[in-house]
Every structure is written in C-alpha cells, then in structure tokens.
C-alpha cells in the first residue's frame, strides 16, 4: 500500500510544497493539508504503518526525520529542531518513539 492509496496525490504535493523552507514544518497544518485529519482511525493506522519503515511498531527519531519522504519521495528531511519538536508533540509516554496510538492522538489533535 502506498500513501496515495489513502490520500490525494494533489493534496500531498501541496502540503509538501508548503513546507519546503527549513524549520517551517508544522505537523498540525501538514496533517490537515494532506487530508489525514479527516480520515478514519483505520486509515490513520495504515498511514502510521507506511511511515514505520523498519516495521518495529514505532516511529523512531530517524524515521520521524524523514516523515515527509513517507508522503513523497522527493520531499526534504526535517531539520533536527523540527524532528525534536514533532517527537515532543507525539511521544506522550516519553519513551523516545511514537507508537500507533500516539500517532493517532497526534493526528486527532491537529
């Protein structure tokens, strides 16, 4: 399954384009722009599993840094600052990684 099976390619392209400048990434705006906020809980979980590149059941910091590439291969990596901000927002239990429920909460709070 690819991201475009779940989300509009046009919405993804617009959202990626909105955050091309370094340190401009805003996960709340991004999740809204790609249409993730409007998706069912099942679809949000499917997106999580696409972003969980190593299939560990968690999105770790290195995967988080390349989260935009999970939506579009030609997107940029997040800066260290953006990655840490996103991890702080999503890692509710403080274990240094984001689980599927934490990701679902992160999207719901967008």
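Quick reminder: no glycine exception, Cβ is built from N, Cα and C everywhere.
These come from Swiss-Prot:
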MOD_RES   2  N-acetylserine
MOD_RES   2  phosphoserine
MOD_RES   8  phosphoserine
MOD_RES   24  phosphoserine
DOMAIN    39-74  domain 'EF-hand 1'
BINDING   52, 54, 56, 58, 60, 63  Ca(2+) 1 binding site
MOD_RES   66  phosphoserine
DOMAIN    78-110  domain 'EF-hand 2'
BINDING   91, 93, 95, 97, 102  Ca(2+) 2 binding site
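Apart from 91, 93, 95, 97, 102, the residues listed for Ca(2+) 2, the same chain places the Cβ atoms of 58, 90, 92, 94, 96, 98, 99 within 8 Å of the centroid of those Cβ atoms. For the binding-site residues 60, 95, the ranking by surrounding Cβ atoms (within 10 Å, all protein chains) places 60 first. Spacing of residue 58 (Ca(2+) 1 binding site) relative to residue 102 (Ca(2+) 2 binding site) is 9 Å (Cα to Cα, whole number).
According to its DSSP assignment, residue 102 (Ca(2+) 2 binding site) is helical. Between the CA atoms of residue 60 (Ca(2+) 1 binding site) and residue 24 (phosphoserine) there is a gap of 21 Å, rounded to the nearest whole number. Packing against the domain 'EF-hand 2' (78-110) from elsewhere in the chain are residues 22-23, 25, 27-29, 31-32, 36-37, 39, 41, 44-45, 48-49, 51, 57-61, 64-68: each is 6 or more residues past its ends and has a CB under 8 Å from a CB in it.
Distance from the CA of residue 52 (Ca(2+) 1 binding site) to the CA of residue 2 (N-acetylserine) is 13 Å. Cα to Cα, residue 66 (phosphoserine) and residue 54 (Ca(2+) 1 binding site) are separated by 13 Å. The binding-site residues 54, 91 differ in how many other CB atoms lie within 10 Å of their CB, and the one with the most is 91. Restricting the average to the domain 'EF-hand 1' (39-74) gives a pLDDT of 97.
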